[in-house]
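Q: Before I ask anything, here is the structure I am working with.
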Amino acid sequence: EAGEECDCGAPANPCCDAATCKLRPGAQCAEGLCCDQCRFIKKGKICRRARGDNPDDRCTGQSADCPRNGYYG
């Protein structure tokens, strides 16, 4: 939702302040295929295996999202 940095519906998430829906200090992310322990996964790490003719999708190192079609900057 607007203004939220993370999903405050899960108070057990150590990356997200459930009261404010903001990332905790030092956290880069709270969830996503390219987020691990509140930090972005390094650039080039496979986050989704190839299917058919499509290449593996890889983390960018700058986002918690896993981009489509293997583009990682």
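Each Cβ is built from the backbone N, Cα and C atoms, and glycine gets one as well.
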Q: Based on what Swiss-Prot records, which one of Cys29, Cys38 is disulphide-bonded to Cys35?
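A: Disulfide partner per Swiss-Prot record: Cys29.
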Q: Ranked by the number of other Cβ atoms within 10 Å of their own Cβ, which of the disulfide-bonded residues Cys6, Cys15, Cys16, Cys29 ranks first?
A: Cys16
Q: Nearest of the disulfide-bonded residues to Cys21 (disulfide bond) by CA-CA distance, picking from Cys15, Cys34, Cys35, Cys47?
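A: Going through Cys15, Cys34, Cys35, Cys47 one by one, the Cα closest to that of Cys21 (disulfide bond) is Cys15.
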